[in-house]
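This report concerns only the one structure given below.
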């Protein structure tokens with residue numbers, strides 16, 4: 001029963017993480033890490049799919065090995081975060097929603113700032 005629950009949570013996390021790529025309020029990284037954790041404990045097949053076949057695979061393998069982001073990925077991720085939040089702030093009219101978005105943005109940027117980076121060239125040596 002626990003295995004089935006972990007698989008369901010894992011797939012739910014994959015869906016939410018994928019939606020998080022385009023929706024600024026949903027963070028991608030924590031959901032994909034949750035999916036990897038769930039699949040590692042419940043399904044070697046789904047875990048292998050996530051690590052080697054999915055769009056997130058190379059980033060997950062890098063995170064699993066180094067607990068860091070590749071140097072070039074971090075600025076692109078931050079730029080995408082800023083762009084999606086700017087679009088949201090442009091369309092939202094309610095002040096309390098704008099404030100909420102700005103607070104979420106600040107927390108997300110702080111989280112991103114704290115993630116260590118490593119050069120991919122340095123990693124290969």
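Any Cβ shown, glycine's included, is placed from N, Cα and C.
Residues or ranges marked as topological domain 'Cytoplasmic' in Swiss-Prot: 1-6 (among others). In this model, the topological domain 'Cytoplasmic' (1-6) carries an average pLDDT of 93.
The transmembrane segment annotation in Swiss-Prot covers 7-26 (among others).
With a cut-off of 8 Å between Cβ atoms, the residues of this chain six or more beyond the topological domain 'Periplasmic' (27-45) that come close are 2-4, 6-7, 9-11, 13-14, 16-18, 20-21, 51, 56, 59-60, 63-64, 108. For 27-45, the entry in Swiss-Prot reads topological domain 'Periplasmic'.
Per Swiss-Prot, transmembrane segment is recorded for 46-63 (among others).
Outside the topological domain 'Cytoplasmic' (64-74) by six or more residues, the chain places 36, 51, 112, 115-120, 123 with a CB less than 8 A from a CB of the stretch. Swiss-Prot lists 64-74 (among others) with the feature topological domain 'Cytoplasmic'.
Marked as transmembrane segment by Swiss-Prot: 75-92 (among others).
Remote same-chain partners of the transmembrane segment (96-118), defined as residues 6 or more beyond its termini with a Cβ less than 8 Å from a stretch Cβ, comprise 24-25, 27, 66-71, 74, 77-78, 81-82, 85, 88-89. What Swiss-Prot lists as transmembrane segment is 96-118 (among others).
As annotated by Swiss-Prot, topological domain 'Cytoplasmic' applies to 119-125 (among others).
Counted over residue pairs separated by six or more positions, the transmembrane segment (46-63) shares fewer than 3 Cβ pairs under 8 angstroms with the transmembrane segment (75-92), which leaves the two as not touching.
DSSP places the residues of the topological domain 'Cytoplasmic' (64-74) in helix, strand and coil in these numbers: 5 helix, 2 strand, 4 coil.
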